[in-house]
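Report on one structure; see the data block that follows.
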Amino acid sequence: MRWGCHLPRTSWGSGLGRTVPLPDELRIQSSWPFKGVHHPLRPPRAFIRHHGNSADSAPPPGRHGQLFRSISATEAIQRHRRNLTEWFSRLPREERQFGPTFALDTVHVDPVIRESTPDDLLRPSTELATGHQRTQAELPPLALSQLFDPDACGRRVQTVVLYGTVGTGKSTLVRKMVLDWCYGRLPAFELLIPFSCEDLSSLGSTPASLCQLVTQRYTPLKEVLPLMNAAGSRLLFVLHGLERLNLDFRLAGTGLCSDPEEPGAPAAIMVNLLRKYMLPEASILVTTRPSAIGRIPSKYVGRYGEICGFSDTNLQKLYFQLRLNQPDCGYGAGGTGVSVTPAQRDNLIQMLSRNLEGHHQIAAACFLPSYCWLVCATLHFLHAPTSAGQTLTSIYTSFLRLNFNGETLDSTDPSNLSLMSYAARTMGKLAYEGVSSRKTYFSEEDVRGCLEAGIKTEEEFQLLQIFRRDALRFFLAPCVEPGHLGTFVFTVPAMQEYLAALYIVLGLRKTALQRVGKEVFEFVGRVGEDVSLVLGIVAKLLPLRILPLLFNLLKVVPRVFGRMVSKSREAVAQAMVLEMFREEDYYNDDVLDQMGASILGVEGPRRHPDEPPEDEVFELFPMFMSGLLSAHNRAVLAQLGCPIKNLDALENAQAIKKKLGKMGRQVLPPSELLDHLFFHYEFQNQRFSAEVLGSLRQLNLAGVRMTPLKCTVVASVLGSGRHPLDEVNLASCQLDPAGLHTLMPVLLRARKLGLQLNNLGPEACRDLRDLLLHDQCQITTLRLSNNPLTAAGVGVLMDGLAGNTSVTHLSLLHTDLGDEGLELLAAQLDRNKQLQELNVAYNGAGDTVALALAKAARKHPSLELLHLYFNELSSEGRQVLRDLGGSGEGGARVVASLTEGTAVSEYWSVILSEVQRNLNSWDPVRVQRHLKLLLRDLEDSRGATLNPWRKAQLLRVESEVKTLLEQLGGSGH
């Protein structure tokens, strides 16, 4: 997978909020939880705003005209509205992650709907070519309120068919339309009755009248059923998902029936409704996939509308603004307080908007509203994880569930093949071939080769045509990047890696030898027992030496095939592990940063100059493969018709563990180590992780930006381990107190803990105090240098040190302690009895407090070394400290300068290496001043000694100091 300047292509699944926007008019339907408060967003063009809220207001009383004026009818309609509101307001778990106030009628952006004609429907499918753009150029757009307007000839429109490919938002559009009616926003209809064609098809041929179908689903409407005939066009039936229902409009197949109380097959009832033979004045809205449009003869349809998604970038931006600006979006799981601030949300939206403007490929992806949902869910996952156990793989699996759950490729086909299963076999093959050959751009021949592979019958060809019309655009998009025009790419890069992993774990990848071996194995399995029995009898009767050999061969065949399959699994595991630990990319970020960069438009990992420009990196492929083996994702995939057998999952996991055990023992760069941990996080199997990571002794994540998600990943994978970690290095990780709190189970296992350069303030010291006081704490070395702890923080920290029995080395270098902090340390140092080394250098302390701390250190029972260099010490103060440290009374040695009398301090290299390491982060003017003072000490000591060996040592150290000064001077200081 390459994460770089091109971005994933993004849109969202089976339904996300949308508005009916036109190129010259945008319509926003929004209602907020607080009455009278309008959302501040303003699209660049005029729009109409509607108000209402399902969260805290009951549906308004309907305007029933002359039809439903009776009290009983009015109450029945009101109960019906309330029931529909409750039912259609329920959101799947995947939507609830965006905050408790998120609701479909709170913020909604309708997709573009464009009117089409029967002639357009008869044109050959252009598959992935720019068919949508052609439609947009030729046909006018429609608003929801215009669907039943008279046609161009002035004729009344009674039946409207809306069609769109998978992911364009048909389901959400229907839900939003029903909720609009419930809140009085569709005054043209006094009664709305929605039907799910999936529900109707489940009834089979069981006879039921239209009245029974209505009352079984909407009990309150019993009161108004007698009035349906008189309702006319003010009665609206909504038939959602026509592709699920087999309709036969032939008179020989479905007889005429005009009585709503006459029982019949549900499909026959719908046919007579659509024929306008039953309730001829009623209005009907039908939604369907493109392949099923022809099931209704065009003479029964007054208007066709194509749902075209978010063809305008402004709609995409508006969707992201409304979705990501939810007030309750971004709070951590379990009340941990981790949240995305309004400023951070605004920054995300601005970066995403700039990316949409600058990179046409992500805009092409966001053409489908479902992929807009995926982008929002991914950003939410990366920046504000909300639920324990949520993984990147589960987001993609849920995304497919939202779009494909229960979807069959063709309801008329007896095989009842699931649409997702067909996609896994065809698109998964293309995706895996791309990963294997390291490419993301595919020619038309590549696509056709994977789609048409193995097709032999007319039925298989028909299924392929349905898939092309209904779902191909969901997975593939024309590439609009310069230099790759005429090729196709997966809608988002990560989808290629997900499908490739799915193709593997489903066992769809088989070599020719495996296919032949499987057939032989199945044949032997069918006849093996009988043949073995016959051979056994014959061998006893006739002295034929060949028969025992044949008998043994029959036993060997299953074992040979099993080994062949096992070798194939090991080969895949080997390729996956090698992909995960590739280091070819220069400045390779971890996969989470790569994914965020690709969505937000931040430049991704730079390539090494000698690397071929076409080389692709697919580091998410192993992550998805691991995630798909988790129990949760396997359960969801089974719902989609893609079951992964438990035995297959176990054997795949064993093969992966075998390879990881070998590769995982090597020392990895920090970003690669985080990828390794993320692999285990995706798997969600603590036993597997404990066995593979049992040999891990050093956790070096220095320089990795530890977001809340990454802290959760590390804590989840390593928090339950039992063996100690020799060193945990979290230097320069942008850690905050919340991150420290999350990582507490891991920090308790550390012996050496490095938290340098993390901008940790006094509030972080409370977590550090709790860490030090924990009865399982085994930290011996704690490095907190270059953090603004201040005197307030060190006071809290001393409370932890007072009760701690493990820490022997503590570094508080450059922690803004000042005189107050060192004075506090001097007063409370005796509360700890185990400390052996204390570094409080570069803290702005003066002579008095430095001397007081040095005296306290000399009295400490265990302290051996105290670092005080680079403080605001005078020449006299440094001399007093040198004299104190050089006295023969025992106690801690005090290091305040590069010299000890007329000799070089044995700690001179420690001091200068610390300066060199922090040269870019410390104040250059202040460092330069301190180095000049140290240089003066060296020169004075050199002038005061006659020992040539000491002079040579002093000259060498002077040279090192001058080199550092030149580096600072070369930087303009």
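Just so it is clear, glycine is given a Cβ too, placed from its N, Cα and C backbone atoms.
Residues annotated as transit peptide in Swiss-Prot: 1-84.
What Swiss-Prot records for 73-554 is region 'Required for interaction with MAVS'. When pLDDT is averaged over the region 'Required for interaction with MAVS' (73-554), the result is 84.
As annotated by Swiss-Prot, domain 'NACHT' applies to 158-481, with the evidence given as sequence analysis.
According to Swiss-Prot, the repeat 'LRR 1' annotation covers 693-716, on the basis of similarity to another entry.
The residues of the repeat 'LRR 2' (722-745), classed with DSSP into helix (H, G, I), strand (E, B) and coil, number 8 helix, 5 strand, 11 coil. Residues annotated as repeat 'LRR 2' in Swiss-Prot: 722-745.
The repeat 'LRR 3' feature in Swiss-Prot is assigned to 747-775; the stated evidence is similarity to another entry.
Annotation source Swiss-Prot lists repeat 'LRR 4' at 776-799, citing similarity to another entry.
Taken from Swiss-Prot, the feature repeat 'LRR 5' covers 809-832, and the record attributes it to similarity to another entry. Within the chain carrying the repeat 'LRR 5' (809-832), a Cβ under 8 angstroms from the stretch's Cβ atoms is held by residues 756, 780-791, 793-795, 798, 801-802, 838-846, 848-850, 852-853, 855-857, 859-860, 863, 867, 914, 918, 922, all 6 or more beyond its ends.
Across the repeat 'LRR 6' (833-855), DSSP classifies residues as 9 helix, 3 strand, 11 coil. Annotated repeat 'LRR 6' per Swiss-Prot: 833-855, in sequence order, evidence recorded as similarity to another entry.
Residues annotated as repeat 'LRR 7' in Swiss-Prot, with similarity to another entry given as evidence: 856-875. Among residues of the same chain six or more beyond the repeat 'LRR 7' (856-875), those with a C-beta under 8 A of the stretch's C-beta atoms are 808, 813, 825-827, 829-830, 833-847, 850, 881, 884, 889-898, 907, 911, 915, 927, 930, 933-934, 936-937.
Feature annotation from Swiss-Prot assigns repeat 'LRR 8' to 876-897; the stated evidence is similarity to another entry.
Per Swiss-Prot, the feature domain 'LRRCT' maps to 904-968.
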Taking DSSP states H, G and I as helix and E and B as strand, how many residues of the repeat 'LRR 5' (809-832) are helix, strand and coil?
14 helix, 3 strand, 7 coil
For the domain 'LRRCT' (904-968), what are the DSSP-based totals of helix, strand and coil residues?
52 helix, 1 strand, 12 coil
List, by number or range, the same-chain residues at least 6 past the repeat 'LRR 6' (833-855) whose CB is under 8 A from its CB atoms?
785, 801, 804-819, 821-823, 825-826, 861-874, 876-877, 880-881, 884-885, 892, 894, 896, 911, 914, 922, 930
Contacting positions for the repeat 'LRR 4' (776-799) when only residues 6+ beyond its ends and CB under 8 Å are counted:
724, 731, 747-766, 768-769, 806-818, 820-821, 824-825, 828, 831-832, 839, 918, 921
Chain residues in Cβ proximity to the repeat 'LRR 3' (747-775) (below 8 Å; excluding those fewer than six residues from its ends, i.e. six or more beyond):
699, 702, 718, 721, 723-737, 740-741, 781-790, 792-794, 796-797, 799-801, 803-804, 807, 811, 921
Residues in the repeat 'LRR 3' (747-775) grouped by DSSP into helix, strand and remaining coil:
13 helix, 5 strand, 11 coil
